[in-house]
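The region 'Disordered' annotation in TrEMBL covers 1-20, 533-571. What TrEMBL records for 79-96, 116-137, 144-162, 168-185, 205-223, 283-305, 342-359, 371-393, 405-423, 494-514 is transmembrane segment. Annotation comment: TrEMBL describes 534-546 as compositional bias 'Low complexity'. Residues annotated as compositional bias 'Acidic residues' in TrEMBL: 553-571.
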């Protein structure tokens with residue numbers, strides 16, 4: 001039994017077929033409404049925001065099919081190939097960046113250069129999230145936006161050969177400007193092909209999207225393993241100052257160790273030898289390896305990833321070019337949605353917790369007590385556990401739901417914050433460092449898979465603006481964490497993080513409650529068309545009487561773009 005889907009109101013029709021030469025027709029014709037702009041929230045939209053019908057191009061249309069892309073049933077394997085290719089490219093890319101970023105607070109600790117440069121990265125990313133993604137994706141398409149954005153990481157890694165404020169900080173700004181469109185393009189790609197794959201396989205869209213994000217973060221999180229393995233092997237090969245071995249552990253004074261952990265303050269390291277910068281030759285060797293990784297990742301996307309236009313990418317070319325103010329409104333209008341507002345705290349938390357494990361935990365706990373060359377080994381544990389849990393949680397979500405997994409992440413991180421407040425790190429207990437790092441990876445895997453999937457599910461009609469907002473507020477969390485990194489001691493940072501976590505979980509619970517209530521209301525109205533018409537008329541009359549525009553929809557997840565534009569037929 002197969003299904004033939006059409007855009008008619010009659011719904012899907014069933015028919016039997018035994019033809020082995022079935023094809024899937026993906027329709028990308030017809031105009032579409034840009035949900036990012038005012039007036040589209042009620043589903044009607046303004047006439048001036050209605051986009052023209054797309055015409056076939058040599059890249060994504062087969063000649064003679066009148067704007068339809070003819071795909072065979074085996075296309076689902078090609079989609080999986082594309083997901084694997086994007087995931088592998090990001091793994092290689094972030095092998096370089098994560099390895100570099102995890103060392104910044106230790107190797108460039110003088111005057112806080114490392115954390116200042118990371119703060120510049122995420123401050124630029126915040127601005128980039130507002131202005132750049134829609135602009136760049138519109139002109140370069142998703143695939144080539146990925147390539148161009150990935151290249152922006154190279155100058156920051158190259159600046160490690162001569163780390164100064166006037167080299168590292170500008171390179172960090174360039175990286176931040178490129179990061180926002182890269183992540184927005186990635187999220188758009190995964191969400192769009194996930195919708196196509198769900199249509200081909202007759203599965204729930206939200207489950208497929210979360211599964212694809214889970215697979216992506218499985219590969220992405222292994223970058224922690226490879227990047228930190230490279231840095232640890234190179235740094236361990238040289239005999240430079242710093243503790244970590246049994247001999248150094250015995251020489252470390254109890255007085256200096258008492259200033260590690262929650263008592264650690266960046267501005268007062270008490271002459272700890274473990275925090276001395278490694279030789280330049282070792283840092284140059286690491287940076288050379290990382291630069292090669294960046295160029296390899298760009299080449300992989302360019303040659304191995306299919307254009308998203310193959311699966312109905314909206315080119316979104318209006319008759320007149322959009323102004324900068326209009327591009328800004330595409331992202332800013334997303335903030336008017338109640339769901340987006342409630343998800344801001346949990347999104348900020350994701351940035352803060354990643355900044356803590358990558359900078360504060362590595363410096364205040366690992367480097368201070370074990371030595372810089374052990375940072376990589378401890379962070380490998382974080383990356384491996386994070387990767388495995390990303391895959392596990394992406395698949396587990398369809399069986400247990402999102403809420404139990406979110407509760408798991410909140411409990412794990414809340415308990416770990418309490419442990420870090422009380423625990424005194426000591427080189428005689430190395431396993432504790434690895435346990436904390438691994439458990440932190442469990443919590444991070446929950447946030448990465450479930451919150452990304454939540455954004456993809458709630459805001460499917462306006463994916464680019466939604467994921468731009470995700471990166472914006474996640475980056476704001478990074479900026480806040482790095483900004484106070486050199487001014488607050490570790491204990492105060494942990495208290496701040498605990499407050500943000502509690503606020504974020506509260507906002508998420510409200511979102512789930514409102515979304516569940518809305519789904520029940522929609523189901524009731526679907527069963528009673530007269531009541532639905534009466535409710536819509538009453539809402540319109542109330543808005544007219546108040547002289548205000550129609551209320552903004554809580555979410556735009558009723559129907560995905562792919563549901564409108566993908567017609568599955570079996571000939």
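Using N, Cα and C of the backbone, Cβ positions are placed for all residues, glycine too.
Just so you know, TrEMBL annotations are computer predictions that nobody has curated.
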Tell me, please, if the transmembrane segment (168-185) and the transmembrane segment (116-137) are in contact, taking contact as 3+ Cβ pairs under 8 Å between residues separated by 6 or more positions?
yes
The transmembrane segment (79-96) and the transmembrane segment (371-393): do they have three or more Cβ pairs under 8 Å, with pairs 6 or more apart in sequence?
no
Would you call the transmembrane segment (144-162) and the transmembrane segment (342-359) in contact, using three or more Cβ pairs under 8 Å, pairs 6 or more apart in sequence?
no
If you count Cβ pairs under 8 Å, which stretch among 79-96, 116-137, 342-359, 494-514 touches the transmembrane segment (205-223) the most?
79-96
